[in-house]
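First up is the structure itself, then whatever we jot down about it.
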Amino acid sequence: MQVKRFFAADMRQAMKLVRDELGADAAIIGNRRIAGGVELTAALDYKLSALAPRVPNAELEEELRKTHTRIATAQAELDHRQDSSDNNRQLFAGQSLTAAEPLIEPHVDAPEAAAAPAPAAAPVDPRLFDAMRSELSGLRELLEVQLGSLAWSQLQGSKPQQANLWRRLQRIGLSGPIARELLDLTAEIEEPRQAWRMLLAHLARMIDIPEIEPIEEGGVIAMVGPAGMGKTTTLAKLAARYVLKYGAQNLALVSMDSFRIGAQEQLKTLGRILNVPVTYVDPGQSLAAALEPLLRKRVVLIDTAGLQASDPALRMQLETLAGRGIAAKNYLVLATTSQKQVLTAAYHSYKRCGLAGCILTKLDETASLGDVLSLAISHELPVAYLTDGPRIPDDLHLPRGHQLVSRAVNVQQQDEPSEEAMADMFADLYHNPRRAG
């Protein structure tokens, strides 16, 4: 029997390493979380004689589903216990906690006796909760990968036409839940080409696009997002678009980016070229006070700093934008060249300030639009603008759902997706279960 350990950043990558080196017959005999990722222990020619006879696929899938549900339930119970433990520490601070006394049936003839004090409950080490949560997370991720592989294999055998549509959606880069929703909408269509056309039409309708262009609606508009997404360039395109259409007298620019070298100089140059006033807001300075002299302007465009999620200044910036008296419409600027994890992290970091929508940049450089479209659809983020080049303002466009979908199809992967990629797509379905209702 050949036994080997594999290290990777996440469970899916670890499973791929196992498959590549030991093949599909390898058995996973251990897994644990480590610093920087996961560790899998896999074996080849693992003796299974002590185990129960092989279960048919349908039954195996059902058991895996039950186990997946149990893990989710255990995770919820763990969270509940930790919350209860925290609440008890707050409610009984300064008091000694005792274990509950056993229930004693009343007996009239028995003489009353003073109950002996119960021993104090031992404090729970928070590290125990962390270890349990980490182990549960690893088990859940492993199950998701296995369930995804099993579900994909069964679909290929039972519904080859639908499996082909899944492959085409995976080439676009759409997430598993979005693909499933699209296929549910076209389940009754048997002709493959018609089904594909309807899938794309439904996808176009899923993309939320504002009825009124943001700069036409007016008000305070802020560009938010991580560094490198194209916030300042997008702001320059919006400002030039407005000036060319309405003139410079009702436009003002504001910079909250005092962290990046040369950021304020860029905006100062833009203001000079467009003949538009530029206001600079330093950290800790009141944004409301800075905006007060600009209240008569029809449009105020704000450029913000692209800060890391761990930077304390980011929280201050988001709280400022979400503060009373600001009424800013915050648009998350997302580079379509970014990886899925980067896009997801950006959304979760910046949603705290309240997002009015998103602006998709660098469409001319991207190799896939699936990840960013999946994010916008799943989080109901309206797509306000698109940019696809360096020209100001010529490379700024209003989105159209069918044009975005057409572009996504045009830049899709040329090669057929691997079996591992399809299994990962199905694993995403278990990681993001269908919502009730």
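FYI, residue positions are counted from 1 along the chain as it appears here.
Cβ coordinates are placed from backbone N, Cα and C, and glycine is handled just like the others.
Straight from Swiss-Prot, the features:
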type    : residues                  : note
BINDING : 225-232, 303-307, 361-364 : GTP binding site
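Annotated features, which come from Swiss-Prot, shown on the structure.
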residue : record           : CB count, 10 Å
G225    : GTP binding site : 27
G228    : GTP binding site : 14
K231    : GTP binding site : 27
T304    : GTP binding site : 29
L307    : GTP binding site : 23
L363    : GTP binding site : 21
